[in-house]
Amino acid sequence: MAPTAVYTQKDSPSSSQPSSKGPALAIGSLETAQDGKYQSLITELEATRQVDKLLLDRLVDGATTLEPSKYNSVHVTLASSDYQSLQESTLRSLLTQLLTGLTPLGTLHLLNLTDGLKTLPSELTLSGFLVLSAAGENPGDSIVAQKPAHAIGASVSLKKRGSATTTSTTAFVTTTTTTSTSTTTATVTSAPSVPLLLRKRGDPAKKKALWALTTDASASPSTKIDADALLTAEDKARPVPTCAPVDRSAPRRKKACKNCSCGLAELEEEEKRNAPVVVIDSSIDGEGGAKAVDKAERERLLEAAKNAPKATSSCGSCFLGDAFRCAGCPYLGLPAFKPGEKVEIDFGMDDF
């Protein structure tokens, strides 16, 4: 019986096999297409992966949009004038579009940078990228940025201890093929899932003890401090309102308070007694004039008005006020008064 040879089939490289690297996007401009930099970038990338080609103005003008999470890498080669125009207008919106088109952990390569783009790393960070390598000071340097593994705002479920594990498993298949029997044996191994555990809650009794009013272990938990027991008789006594003595040179208060004890009430009464008085009389200037009189004259006029006969009026309405007076009334402009009394207006009145 002839011996049987057993061969293990191995995958041999073939030119028809797709590359291990994911699809890439090459972005250029008219200037880089004319000087050959864009074509060189495409030739270099097509050797190892599938490459989609796009010009910058298509993205900036909104003529096309990128499919979400399609490209493993995006390579941008622009001229210095293109970078300057982007920095002044639509750089933030372009970076947002590129972030959308990249897969998680995909990389963005900005090539042929100039030394004037100092704010580009900060713009990448604000757009959601992680800057892996920054450009140097030499013209032609590049910046490499990466899209985070999780998008901003992505939710991750947290399961408590003892809950069911996830149902999704990863299968590893090992295949062995023999040429004599043409049989295939497959072994499937499921990768164990690791649940995410929440933080264990603390002891409620320990937390409650932190807010206890007493640290004495023998004391009752219901023991409370009586706030009234901490006050003395002096604390409970109603304070007597007092004010500082009045100072004639300092600015005074508007008015003395009730039951004033600082002397302001007496000062106001004294000023009222000694204040000058203006007497308005129709006998002055023939039209009802005004003159200032002292205290003695004021008292004399008051006494004279009290003893004088009642005043008379040709129309009988002079004493009722301006609404009842004629145009030539000598009392025009004066307040209403009783017949025979003098009208007095103090210097402190606002309507004089």
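Numbers here mean position along the shown chain, with the first residue as 1.
Positions of Cβ are set from backbone N, Cα and C atoms, glycine also.
Annotated [2Fe-2S] cluster binding site per Swiss-Prot: Cys243, Cys257, Cys260, Cys262, in sequence order, evidence recorded as sequence analysis. The [4Fe-4S] cluster binding site feature in Swiss-Prot is assigned to Cys315, Cys318, Cys326, Cys329; the stated evidence is sequence analysis. Residues or ranges marked as compositional bias 'Polar residues' in Swiss-Prot: 1-11. Residues annotated as region 'N-terminal SAM-like domain' in Swiss-Prot: 1-196. Marked as motif 'Cx2C motif 2' by Swiss-Prot on the basis of sequence analysis: 326-329.
Location within the structure of each feature annotated in Swiss-Prot.
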residue	record	DSSP class
Cys243	[2Fe-2S] cluster binding site	coil
Cys257	[2Fe-2S] cluster binding site	coil
Cys262	[2Fe-2S] cluster binding site	coil
Cys315	[4Fe-4S] cluster binding site	coil
Cys326	[4Fe-4S] cluster binding site	coil
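A simple Cβ count within 10 Å picks out one of the binding-site residues Cys243, Cys326 as the most packed, and that one is Cys243. If you draw a 10 Å sphere around the CB of Cys315 ([4Fe-4S] cluster binding site), it holds 10 other CB atoms from the protein chains shown.
If you compare Cα positions, Cys318 ([4Fe-4S] cluster binding site) sits closest to Cys257 out of the binding-site residues Cys257, Cys260, Cys262. A C-beta separation below 8 Å, combined with a sequence spacing of at least six in one chain, links Cys329 ([4Fe-4S] cluster binding site) to Cys315, Cys318. Each of the binding-site residues Cys257, Cys260, Cys262, Cys318 was assessed for Cβ neighbours inside 10 Å, and the highest tally belongs to Cys318.
Separation of the C-alpha atoms of Cys257 ([2Fe-2S] cluster binding site) and Cys326 ([4Fe-4S] cluster binding site): 45 Å, rounded to the nearest whole number.
Cys260 ([2Fe-2S] cluster binding site) sits 48 Å from Cys326 ([4Fe-4S] cluster binding site), taking the Cα positions as reference. Taken together, the residues in the region 'N-terminal SAM-like domain' (1-196) have a mean pLDDT of 74 on the 0 to 100 scale.
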